[in-house]
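In TrEMBL this protein carries:
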BINDING   A:Lys11, A:Gly12, A:Gly13, A:Val14, A:Gly15, A:Lys16, A:Thr17, A:Thr18  ATP binding site
DOMAIN    A:5-218  domain 'CobQ/CobB/MinD/ParA nucleotide binding'
Amino acid sequence: MGTALVVTSGKGGVGKTTTSANIGTALALQGKRVVLLDLDIGLRNLDVVMGLSNRIIYDIVDVVTGRAKLHQALIKDKRFDDLLYLLPAAQNAEKDALEPEQVVEIVEQLRPDFDYIILDSPAGIEQGFRNATGAADGAIVVTTPEISAVSDADRVVGLLEQRDMPLKPRLIINRIRQNMLADGRSMDIDEITSHLGLDLLGIIVDDDGVIESSNKGEAIVMDPDDLASKGYRNIARRLLGDSVPLMDIRLKKQGFWAKLFHRHTES
Amino acid sequence: MVLKGRNDSLALQLRDTADFMQIIRTLKTLLGKLYEETPTGEVSYRLETGNRLLTEEQLTQIQSVFADFPRFSINGITSAVVDKDVVADMVTGKMTHRIGGVVRSGQTIDIMGDVLFLGDLHSGATLCASGNIFVMGKVSGVVQAGSHGDTRAVVVGDLQGASQVRIADVIEIVADHYDPLKPVAYLSKLHTMTHAKMSELANIRPRLFKQMEAM
């Protein structure tokens, strides 16, 4: 039986969709069967980030209204043989076209066939959020080292705690700017984690490659050398129960000669 | 009311200048007389209403007259006139509509008839036509021709960058089959999406060009 995890943040633009796509892909790379559910009705993105938008024939609203069977709406990611699937959101339906009970029913139907069901929540704490969290066994809260994102995450954690899920919510701190962290101008990772009172699932550095790969419809985890990719891979392993130490994202001090010649050292 | 023997059937002409109640009365007596004259066998009549268009109510009245004569039946109704709305639908359904502007993600354009598309169809948008679609603009979204099941419909134009082309109930992911030299998409006799060169269109769908000449 699969585990349903919701990826949520409250605030928009912190990387919920990117996180969903990358965790899903990383779990598939580990050989798990994964299905991603895009619950952002009216503003779907997960299909775009996954590079699967041109394969959409039916969406989640078609499934709940009976226009399509669930298996017809699932899009297989051919890069992963039979491991990674996407259930896209509707683009032209009303935001309230979906009810939490309907999402629960879909998740229950998917559970026997998949190891992980990742629910990509829309921003906000309204209907879309309730749809996404109502069916989940646990939550992954995404935030960035910014006071606004952390404040919204705090509100979301409060709402999640009322739901009493079988798994405790866990935290991902996304888009960490290494240079700002080094200068002490960014919020500290430990500070955020202890403020929110969650277990830290992982940290992801801010990386141009993430945007670049999204634009190409590919998850950054496919690139084994990228630092953000390593972060997502570590998260996937922690989800599977491995104990992986938090990676060192401190910028290495540049030597005198490197500085002199503006040579960039590997971070 | 005139009873006429046509080649293969019997026709009842309802004079369009006559009062309808009068017609019903005449129909009753006429059918009664015919019923007596032909004691056996099923007879079916075609109704010709001339320049009159029967309303639903008038039709039920006629049907109830026929119900009294179980061996008689109505074999279709023909009329020299049609309803305005029906005509409007027929005309728009045969027209080629010019559609321009920007169709954005989540929007759907649904047209009766053919479409000449002279705009931008963004990714996530759908352009639907019951007839053919001729694309001159840039399309990134879904293009659906023959949306009411017309398998003879075609999609013509450069679909580079489009996500899907659909004709009737057949769907194709463009990226998997894109060929810039074959801008004509149609359904083959085997009901599969097929692509052809522009010069082949006249052979594949000759009626497309005859229709254009006739109009």
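Cβ atoms are placed via backbone N, Cα and C, with glycine included.
Caution: TrEMBL annotation is automatic and unverified by curators.
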Among the binding-site residues A:Lys11, A:Lys16, which residue has its Cβ surrounded by the fewest other Cβ atoms within 10 Å?
A:Lys11
Spatial neighbours of A:Gly15 (ATP binding site) that are distant in sequence (at least 6 apart) but have CB under 8 A:
A:Ser9, A:Val142, A:Thr144, A:Asn174, A:Arg175, A:Ile204, A:Val210
Can you list, in sequence order, the residues of the same chain other than A:Lys11, A:Gly12, A:Gly13, A:Val14, A:Gly15, A:Lys16, A:Thr17, A:Thr18 whose CB lies within 8 Å of the CB centroid of the ATP site?
A:Ser9, A:Thr19, A:Ala123, A:Val142, A:Asn174
Does anything in the same chain, at least 6 positions from A:Gly13 (ATP binding site), have a Cβ under 8 Å from its Cβ, and if so what?
A:Ala123
Enumerate same-chain residues with a sequence separation of six or more from A:Gly12 (ATP binding site) and a Cβ-Cβ distance below 8 A; give 'none' if the list is empty.
A:Ala123, A:Gly124
When you measure from the Cβ of A:Thr17 (ATP binding site), which residues in the chain that are at least 6 apart have a Cβ under 8 Å away?
A:Asp38, A:Asp40, A:Asn45, A:Leu46, A:Val49, A:Asp120
